[in-house]
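Below you'll find the structure, written out as structure tokens, and then a few comments.
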Number of protein chains: 2
Amino acid sequence: MSHLIFNQPSEDKSALEDAGDFTPRFDDRGLITAIVTDAGDGELLMVAHMNAQALALTIQTGTAHYFSRSRGKIWKKGETSGNLQTVKEIRTDCDQDAIWLKVEVAGHDATCHTGRRSCFYRTVTLREGKPMLDIIDDERHFDPQDIYGK
Amino acid sequence: MSHLIFNQPSEDKSALEDAGDFTPRFDDRGLITAIVTDAGDGELLMVAHMNAQALALTIQTGTAHYFSRSRGKIWKKGETSGNLQTVKEIRTDCDQDAIWLKVEVAGHDATCHTGRRSCFYRTVTLREGKPMLDIIDDERHFDPQDIYGK
């Protein structure tokens, strides 16, 4: 399968904001931000990054692929854990520098590597002038030790 | 009001993923990604960036502030349009490099500068092998010409 080629973004702001060609605006690192929600109930599951290849693979295969900044490579989400993401809808924002994936999660229905459903399992609140984190979801859908061996 | 000071992130991954101090991980540009949803129905409204000052202002005032990469300055969302965002909840993700704001939008209940409720008003679909955009929400809550004069 040959990879999709994305056309260059228009310099005309109104063209960027209209219907027509999808011309993603990758940043100076060649990345675009991807926001991932559950297609069923809309819960925010994770935020990740894609390069052009990961975005093309996601659009062409219907399974979410990302670019790992720490590992410097394409990453098919759920390849190890089984928690693959089937993409039900893709949207982009007004200036085409972010995309939103609505997905169905397979496997344990867990997106976070800690075994939780969502990576956003903690709230931030100010206590005695300090920003503090509280865990509001501690249900583990899998044991990371079993899956990742670490 | 003195600005909040954020402690440096731990190098211990398990500490980063636990409860305790909120230690946001700003990238090499000094920015963190902010995902913004409607506190009422969970709709994804926008994605933006914050530097430490914008994040501190948001936590301390309860009104969303961002950092505009194009203008190179702090930006109180809605200052011109009246569509201020009151923050009802803040969450962070497992590695503390993204935050999620659940907000109530004042004014026209519009977050996008095009006058639409959400910046994510277009879907991406593959048609004849090309990634194309379709507008699925074209309801304008305000006329950008009236608000921004452009």
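Numbering starts at 1 and runs along the chain as it is shown here.
Even glycines carry a Cβ here, placed using N, Cα and C.
Swiss-Prot has this to say about the protein:
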BINDING   B:Asp93, B:Asp95, B:Asp97  Mg(2+) binding site
BINDING   B:Cys94, B:Cys112, B:Cys119  Zn(2+) binding site
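Structural mapping of features recorded in Swiss-Prot.
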| residue | record | DSSP (3 states) |
| --- | --- | --- |
| B:Asp93 | Mg(2+) binding site | coil |
| B:Cys112 | Zn(2+) binding site | coil |
| B:Cys119 | Zn(2+) binding site | coil |
Proximal but sequence-remote residues of the same chain as B:Asp93 (Mg(2+) binding site) (Cβ under 8 Å, at least 6 apart): B:Ile99, B:Trp100
Neighbouring C-beta atoms (10 Å sphere around the C-beta of B:Cys94 (Zn(2+) binding site)): 20
Spatial separation of B:Cys119 (Zn(2+) binding site) from B:Asp95 (Mg(2+) binding site) - C-alpha basis, Å: 26
